[in-house]
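*Asks:* Got these off TrEMBL a minute ago, pasting:
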TRANSMEM  12-29  transmembrane segment
TRANSMEM  41-60  transmembrane segment
TRANSMEM  80-99  transmembrane segment
TRANSMEM  111-134  transmembrane segment
TRANSMEM  146-164  transmembrane segment
Amino acid sequence: MKENKKKFTFTIQQIAVLGVLMALELAISRVSILLGPSNRLTFGFIIHAVIGMLYGPWVAGFAAAGSDLLKSFLFGVQGQFFIGFTLTAFVGSFIYGLFLHRKHIRWHHIFWAVLLNSIFTNLLLNTLWLNLLYQTPFPVLLASRIPQNLIMGPIRFLGIYLIAQNRQLKRIFEKYGTMNK
C-alpha cells in the first residue's frame, strides 16, 4: 500500500523570519552575565522557544545548532570550541519545539519544556561537557550550576509564558509559523 504523507515546504516569508530570529539569537547571546568560570546567564532561550513554537522541534534544533556554529565562526569561542555544546543547543531547542509547537500553549507545556531543559540540557549535558573540557569533578560542577538553574528556571518560564500569551505575537505565530500546516 502506498503511504499518504504530507510534504512540508517553507514559504519565503517563513525562511526570512527564521533567518531574522537566528540573527536576533546571535545578537542576544552576546549579552550574558558571567557568574564564574563555568556559569553564565543568557537570554537566548527566548528565541529558541519562539522558533520551537513557530516551526517545531526539528527546525528549532537545527536552527539552534546552526546559530551555535555561526557564533563560533563569527565571534570566536570563550575557551575552546566543543561540539557537545552544539548538541546541547540542538536538544534544548528540540525540547521547546516538542512541547510548544502546534498547541494552544498552556502553562504546563512551558513548565515541562523548561524543567526538561533545565535538568537534561543545562544540568546534565552542559555539566558533562564542562567536566570533559576542564577535568573538574562532575559533582563539584553540578553543585555550582544548580543555584543558577533554580534562579533561571522561573525566569525562563515567565519569559516564555509572557511571549506565548501575547495577543500580538500570537497573530505573528499564526501568520509565519507552521501551526496550521
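Glycine too: its Cβ is placed from the backbone N, Cα and C atoms.
Could you give the neighbours, burial and distances for every feature on this list?
*Replies:* Within the chain, the transmembrane segment (12-29) has long-range Cβ neighbours (under 8 A, six or more residues past its boundaries) at 42-44, 46-48, 50-51, 54-55, 59, 63-64, 66-67, 70-71, 74, 176-178.
Sequence-remote contacts of a segment are chain residues at least 6 beyond its ends whose Cβ falls under 8 Å from one of its Cβ atoms, and for the transmembrane segment (41-60) they are 14, 17-18, 21-22, 24-25, 28-29, 31-33, 35, 67, 89, 92-102, 105, 113, 117, 148, 152, 156, 159-160, 163-164, 173, 176-179.
For the transmembrane segment (146-164), the residues of the chain that approach it from at least six positions outside its boundaries are 35, 39, 41, 43, 45-46, 49-50, 53, 96, 100, 105, 107, 110-111, 113-115, 117-118, 122-123, judged by C-beta separation under 8 angstroms.
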*Asks:* Quick test of the contact rule: Cβ under 8 Å, at least six residues beyond the ends. What residues does that give for the transmembrane segment (111-134)?
*Replies:* 37-38, 45, 49, 52, 79-80, 82, 84-85, 87-88, 91-92, 95-96, 98-100, 141-142, 145-146, 148-149, 152-153, 156-157, 160
